[in-house]
Amino acid sequence: MPAPTKSVLPVVLLGCGGVGRYLLRHIVSCRPLHANQGVAIRVVGVADSSSLLVADDVHSSGLDDALLTHLCAAKSAGSPLSSLLGQGQCQLFQNPEARSKVIDAATTLGRTTGLVLVDCSATYDTVNLLKDAVDHGCCIVLANKKPLTGAYEDFQKLVSNFRRIRFESTVGAGLPVIASVTRIIASGDPVSRVVGSLSGTLGYVMSELEDGKRFSEVVKTAKSLGYTEPDPRDDLGGMDVARKALILARLLGQQISMDNINVESLYPSELGPDAVSTEDFLESGLVQLDRSMEERAKAASSRGNVLRYVCEIGSAGCQVGLKEVPKDSALGRLRGSDNVVEIYSRCYESSPLVIQGAGAGNDTTAAGVLADVIDLQDLFQRTA
């Protein structure tokens, strides 16, 4: 009886923040599950913003699980990757040499065993590195939205070989939004419109307004629950939703940039970061928004509607902002920090395909990234 075979996926991780660390923990904890599925993920390198920790021999071994566990603990405590030297068979390289070493790994493995470059960072700075990896035949998995939302030429380059890129977690964390859109398109059913509430923070805020709570109180509560960024204006400005909308719009064939998207901010420029500190915004700025938000919520309610902060992508372009939706619709029934997406096409015109669930959180996002990595297994060699 022939020995069972397995697909070995060498991985280099860019970004050791919350999502990156959860991803490494998931990889370690899922070893038995993946072994039963005939898959082995070999983490050959991990990079943060200043350095790269890489296995001594990327061809035959990776960073061992004990080292990966120590790495997660060290980065959680704010320690540098250099603190891990001596704990396993690995080498450390500082920037800019670290970048060249990633390219070396991409060159070496991309055209032999293959390599998955996973971007869990939150910067535009990885774009050129990702494009170089594509040129060397590597696979790309993204949780980082920014490489896909810069210049349209960069987007085209990264998705030029669609079989080798996965970016599900850029839009809905672990929700299968990208997969659903691409499957519908591949079936010859043109997608006419996508409407989604893609911010757990703003979904929570809008659903709480329905109960008559003041906008300022709801935002402060959301911050205390950890739903917002340290400065809530990073959420209230709508740019994170706009990036997700841009990715979906480009996926639908729209050759647009951020400048083409109408984004409604929930605070005026005179309360922006350049004019008011975070502390002053929370203490005295937010309450200035209460009356207008209360009036909009009441006006919507009088028409049997509720307010939702949504992105809408269709033939007329892409808009992001507050929208009245029927209270009994999928968007209207949304509560808490869940995300919901409605996809309209020829087959789903009168009754859209609705995807709903947790759309945020490091754990959920990392699980989505891992699923994307595993989804690439058929592109890798199977070994005994």
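Just so you know, glycine gets a Cβ as well, placed from its N, Cα and C.
TrEMBL does not curate its annotations; it predicts them automatically.
Annotated features, as they stand in TrEMBL:
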BINDING   G15, C16, G17, G18, V19, G20  NADP(+) binding site
DOMAIN    15-164  domain 'Aspartate/homoserine dehydrogenase NAD-binding'
BINDING   K145  NADPH binding site
DOMAIN    176-374  domain 'Homoserine dehydrogenase catalytic'
BINDING   E229  L-homoserine binding site
ACT_SITE  K244  active site, proton donor
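There are 26 other CB atoms within 10 A of the CB of G20 (NADP(+) binding site), with all protein chains counted. Non-local neighbourhood of G18 (NADP(+) binding site): N362, each in the same chain, at least six residues away, with C-beta under 8 Å from its C-beta. Confidence in the domain 'Aspartate/homoserine dehydrogenase NAD-binding' (15-164), given as mean pLDDT, stands at 93. Taking Cβ-Cβ distances under 8 Å and a sequence gap of 6 or more within the same chain, the neighbours of G17 (NADP(+) binding site) are K75, C120, S121, A122. In this structure the C-alpha atoms belonging to the residue listed as 'L-homoserine binding site' and V19 (NADP(+) binding site) are separated by 15 Å.
A straight line from the CA of G20 (NADP(+) binding site) to the CA of K145 (NADPH binding site) spans 14 Å. Taking all protein chains in view, 20 other C-beta atoms sit within 10 angstroms of the C-beta of K145 (NADPH binding site). Other than G15, C16, G17, G18, V19, G20, the residues of this chain whose Cβ falls within 8 Å of the Cβ centroid of the NADP(+) site are, in sequence order, R21, Y22, L23, K75, C120, S121, N362.
Distance from the CA of the residue listed as 'NADPH binding site' to the CA of C16 (NADP(+) binding site) is 16 Å.
The Cβ of K244 (active site, proton donor) lies under 8 Å from the Cβ of K145, T170, V171, G172, G196, L198, C311, each on the same chain and at least six residues away in sequence.
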